[in-house]
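According to TrEMBL, the active site, proton acceptor annotation covers His122. The Zn(2+) binding site annotation in TrEMBL covers Cys130, Cys133, Cys151, Cys154. Residues or ranges marked as domain 'Deacetylase sirtuin-type' by TrEMBL: 1-243.
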Amino acid sequence: MLKSSLLKMLEESKYTVVLSGVGMVLENGYSTLRDSDDSYEIEEKYGYSVDELYCSALFNTRPGLFFEFYRNEILSQIDIPPGDGYKFLAQMEKDGLVDAVITRRVFALPERAGCKNVVNLHGTVYDNYCPSCERTFPVSYIRESKKVPLCPDCNTTVRPKVCLLGEMVDNAQMTRAAEEVEKADVLLALGTNLHTPLCNQMIQYYDGDKLILITKNKHFSDKAADYVIYSRVDEALKTLLYK
Ligand SMILES: [Zn+2]
């Protein structure tokens, strides 16, 4: 696919929605903790797998261990600022080439890069609340807590408003995301394959014929896209749009 044809498609599109996948987060230097080295280290350190740790069952039964893992392995990553991939998305939104970004990643990288219309299907680590009195807390409150962060008003465990394993995606976010995708002329799937939960959930609402996939890794489901570019997302957006 040529630079000119992608740019033309985006310029002609009345509404363009981005599905921002895990590949963008990895490009940005974040870890899912699931590659073999990381996941081995986590099991050694905590005695549980990442899936067992990032899980509502553990949050409810062993909050001390949950927050130790969450602070050390998840929140420690937010010091890495958003990189070029997200900055290009924000620029594209400003230039009228992107109208909405949908992601399941919880680090708010699109917003931190300047994107305005973002649907965070799994919430973000920046939103924390007391389930009893609804008081909200900044991420620093969790980060600086020594043990289990408690609400000073009612002594309830404060929790991140993220979707842990074993929990349902927030209905309002799901509806908002579906409505965005239904409006889309162009659907840009970035740093993902079409069989990920993000794409599985969202593509069913897409009615157009310009599903464009930009990904580094080939996958058998790529043929379901209308156009495919094999590349890192940041490099593809840079060379295709801004060179
Ligand atoms: Zn409270």
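Heads up, the Cβ atoms here are built off N, Cα and C, so glycines get one too.
A sphere of 10 angstroms centred on the C-beta of Cys151 (Zn(2+) binding site) encloses 20 other C-beta atoms. For Cys154 (Zn(2+) binding site), the number of other Cβ atoms no farther than 10 Å from its own Cβ, over all displayed protein chains, is 11.
Taking the C-alpha atom of His122 (active site, proton acceptor) as reference, the shortest distance to any of the binding-site residues Cys130, Cys133, Cys151 belongs to Cys130.
Listed in sequence order, the residues Pro131, Ser132, Glu134, Arg135, Pro152, Asp153, Asn155, Thr156, Val158 complete the 8 Å Cβ shell around the Zn(2+) site centroid, once Cys130, Cys133, Cys151, Cys154 themselves are left out. Neighbour counts of Cβ atoms within 10 Å were taken for the binding-site residues Cys130, Cys133; the minimum is at Cys133. Cβ neighbour count for His122 (active site, proton acceptor): 19 (other Cβ atoms within 10 Å of its Cβ, all protein chains included).
The predicted model assigns the domain 'Deacetylase sirtuin-type' (1-243) a mean pLDDT of 95.
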